[in-house]
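Novice: According to TrEMBL:
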- 312-331: transmembrane segment (TRANSMEM)
- 338-357: transmembrane segment (TRANSMEM)
- 369-390: transmembrane segment (TRANSMEM)
- 411-431: transmembrane segment (TRANSMEM)
- 443-462: transmembrane segment (TRANSMEM)
- 508-528: transmembrane segment (TRANSMEM)
- 847-865: transmembrane segment (TRANSMEM)
- 872-892: transmembrane segment (TRANSMEM)
- 898-923: transmembrane segment (TRANSMEM)
- 944-963: transmembrane segment (TRANSMEM)
- 975-1000: transmembrane segment (TRANSMEM)
Amino acid sequence: MIVIILGGLITAMTIRKQMFPQIEINWIQASIVYPGAAAADVQEGITIKVEEALESVRGLDRIITYSNRGSFIAYMRIDENYDAQEVLDDVKLQVDTISSFPDGIERPVVERIKFEQEVMYLSLVGDLNHRQLKELGREIHDEIRALPFVNVSEFYSGLSYEVGVEVSKDRLREYGLSFQDIVAALNQFSTNRSAGQIRAADGYISVRMESQAYRGHEFEQIPLINLSDGTQIKLGEVATVVDGFQEGINYSKFNGQNAVTLFVGAGSDQSITDVARTVNNYVAEKQAALPQGVSLNVWIDLTYYLEGRLNMMYTNMFYGGVLVFLMLALFLRTRLAFWVMMGLPVCFLGTLFVMPLEWVDVTINVTSLFGFILVLGIVVDDAIVIGESVHAEIERRGQSIDNVVRGAKRVAVPATFGVLTTVAAFGPMVLADGPMAAFSQSIGFVVVFCLLFSLVESKLILPAHLAHMKVKAAGGDGRMTRLRARIDGFLKHFIEAYYRPFLERMIYFRYATIAVFIAVLLVSIGLFQGGIIRYVGEPKIPHDYPEINVEMNASSSENDTLNTARNIQRVLERVEKDVESQYGTGMIQDLLVDMRSRTQVAIMARLVEPEQRPIDTFELAALWRAALPALPGVKTLSIRDDIFSSDRDDGDISFLLEGDNHDELQQATGELKRKLASLKGVGDVNDSREIPAKEVRLTLKPLAYSVGLTVADVAAQTNFSLYGAEAQRIMRDGEEVKVMVRYPDYQRNSVGLVNKVLIQTPEGAEVPLSEVAHIEIVDGYHRIRHENGKQSISVWASVDADQAEPLKITEDINTNFIPQLNEKFPSVSGATAGRIQEEIESRNKQLRDFAISLLVIYALLAIPLKSYIQPVLIMSVIPFGVIGAMLGHLLLGLSMSALSLFGVIAASGVVINDSLVMVDFINQARRRGTALVEAVVQSGCRRFRAILLTSITTFIGLVPIITETSLQAKIVVPMAVSLAFGVLFATVITLLLVPCLYIAGVDIGRLFISLRWQRLGFLLPSGR
């Protein structure tokens, strides 16, 4: 025991702590940049070719491609039955061997998406301009990156640096230069080149020519023209060199002040608490060295959740343990209660000791803590069974080692196999595979090892301590002894005066009793099916950092996006004032408004501490939704108010529509959105459609061919005129900087200027674009989405769990609405997608694994019972054990969730354990010659105290968690409710239903034998 405890304590100080277990992300990302290209060009020149190449790759079960304006991106999901590295290598090979990509694209990048642990976000805030903030932020980022424990960090600073060379058409004509001449001069004179090497006597000496320009004033000195008098016309005399940022608007405000953001993460082999502690110490020191009016704020620290759950577990373990100890001391004896409770640290520390082993590799994280909290209520049950049996044996026969051994042996076999059946129930979680297997394994390993260590502790360690426990301690226990004697006397009286006659009556009317239990089960199922007891795949947990994500239409300007961000910010500030006036205190502590691109805005709020909030996050989000007006130009707007909220295109419910007919696909999408919006509890209905934007389309006239122009010539020169040309990319201060050559903004910021673009013929003459090309303004798309090679649109929405159930809505849409949609639009097919589809697939796999675990449980029960029928009798009570969990959720007004199912599995293990011991006692009594009914009644009376103790202690141990009101507890409360109330109902099942089922089973067996003999007598010849 000492070895286990010491090993666990040492491990507890060194084991990694992470927010979530390291998951294997089975997605590959491929991206190709195609500067200046329209989405349709990207689709034709890149997307279709990549999709065709990927058809030969085995091991991809989902391919999503986006043809964007200026870029291509694809996401490919790897089938879990294939080796991920081999599939990645195959994808790289297929993409790299495509030789028909258009000119002008950048090198394709194919990589597997990596899992990074988020630790914290920092905001650098102050009354500085963007350049000053960015330079200071870069310095802080480099310093953080150099800190111990910090291996992952990123710096989000808005627009990137850029050197813009702006030259007007008039200046080019004045000096007889062309656009290409400027680009050529930059490449010829702003460069570093190797000039060979000298083979000297003492070795080789490299010769280099260094003339690369890095700053704006250096670019201004690049020569363009050499005059006959020896003077030079330099770039700065012909063009305006702007050493600044990319074109666009930079807007990032933290509580109304300019801000830049830093992200700090952790590697898979790191503890996030070490990283957070190091960075927090740095921030505290750095704050004093910052300029006046500048501050560095820890904006989000995700270790808050981990530390909060750890503290909750420690606190509730302590209070639960104290309550269990007091309960055991009342029913048994103080010393016995103490040694039983010692099983808890032995099991937990033993589990901690093995968690870092290579073949286990489980860290302290949110999900593994679920396992510890779950097993908290059942880990001492085995010790209680052994301890109570030993206690009863000592009371009957006196204190001796032989009696301790006899008491332990009486229940050792059924108690051991009872624990093993619970281990088997959690076995599928340990053996889970796939990208999300780490989540299941974290819970499964913790529960399994805690139960296995409880076997060791209760069968080997506990009896050794009890063997030296005296029946009457010197001096006695005083009042405690008298109180225990009263409770013991009352319990014995209750058993003989009430339980025994009631059980005898239930046995006499055993079929009516069984029918009542079946009726209660059917009513519970009806409550569940009728939606009175709700089921949600994931519990709704209010977020501390609610977020609003906005995407504008592709045709929106940066000013449109900026105005939208400011409008939303004003709405949030107005709602905050209303909350303050109504409740006397507000909800928002900090507010970050970040314009992430020309069409995307993110607004994040950091809320005040939970105990200071007058309303919860869901109510605040509802106020935001009600106050937000219809905003012009907004394509999608979603509010993330739940910890488990997903990304923008994967809401609580999600559907994928596919089709070759573009118009039908658009119409079907509109109808599906209207249907979802009409459903109660459904909100934030969005889709991935692009609103058509204006597009200028050019086609060559006959004159173009007659003057020697080609499509490539006209396209390239038009691109130079309207977009510009990337002359160079340089590395400066650790950041890649583009050098762009372009016309001034006023010569390229209007559709009307397209007509004035001048095209140079091969002879050097200039002709207006309108003379050599037809110019049309048409509707075009800035993004085209394909899934598995077909044009597709994703539709998603959020669901209020208090009003509706995502799974039921999904089933209703698939059963009743999608078929109607297919009839109306034959070319369109629809299916469930996103997180809800993964949840359905996961549920189906769990059902398969559950069936396998039932077979294992059956085998484990058959071994000690030496019967093929009695295991079926015991397993038949499993559905009845679910009743308590369902009624517990109904009583407390909670929705059942995936986490509730873990509690149901644990409660089922308790039901099986108690039932197995009960049946074993009955079998032992019958082997001693006791009549059937008397054996059943006698065993029920003898097992009453032990069953009552395991149930009460499990329930009492979980009461602190159930009554916990903190944010951290909301995640585990459904799990604790399922186990606590499931075990309470298991008491009734074991003490009443199991005895009735046992005798009913004997009745059926006798009937079967009787019928068999009658049939045999009928078949035998007369006279025999």
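Placed from the backbone N, Cα and C atoms, the Cβ positions cover glycine too.
Any TrEMBL annotation is an automated prediction that lacks curation.
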Novice: Below 8 Å between Cβ atoms, which of the listed ranges 369-390, 411-431, 443-462, 847-865, 872-892 makes the most pairs with the transmembrane segment (975-1000)?
Specialist: 872-892
Novice: Is the transmembrane segment (898-923) packed against any residues at least 6 beyond its ends, judged by a Cβ distance under 8 Å, and which are they?
Specialist: 370, 374-375, 377-378, 381-382, 385, 411, 413-415, 417-419, 421-422, 425-426, 443, 447, 537-539, 839, 857, 861, 864-865, 870, 873-875, 877-878, 880-882, 884-885, 889, 935-936, 939-940, 942-943, 946-947, 950-951, 954, 971-972, 974-980, 982-983, 986-987, 989-990, 994-995, 998
Novice: Would you say the transmembrane segment (369-390) and the transmembrane segment (443-462) are touching, if the rule is that at least three C-beta pairs must lie under 8 angstroms and be 6 or more residues apart?
Specialist: yes
Novice: Pairs of Cβ atoms less than 8 Å apart decide it: which stretch in 312-331, 369-390, 411-431, 508-528, 847-865 has the most with the transmembrane segment (338-357)?
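Specialist: Going through each listed stretch, the top one turns out to be 369-390.
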Novice: Please identify the stretch among 312-331, 411-431, 944-963 with the greatest number of Cβ pairs below 8 Å relative to the transmembrane segment (847-865).
Specialist: 411-431
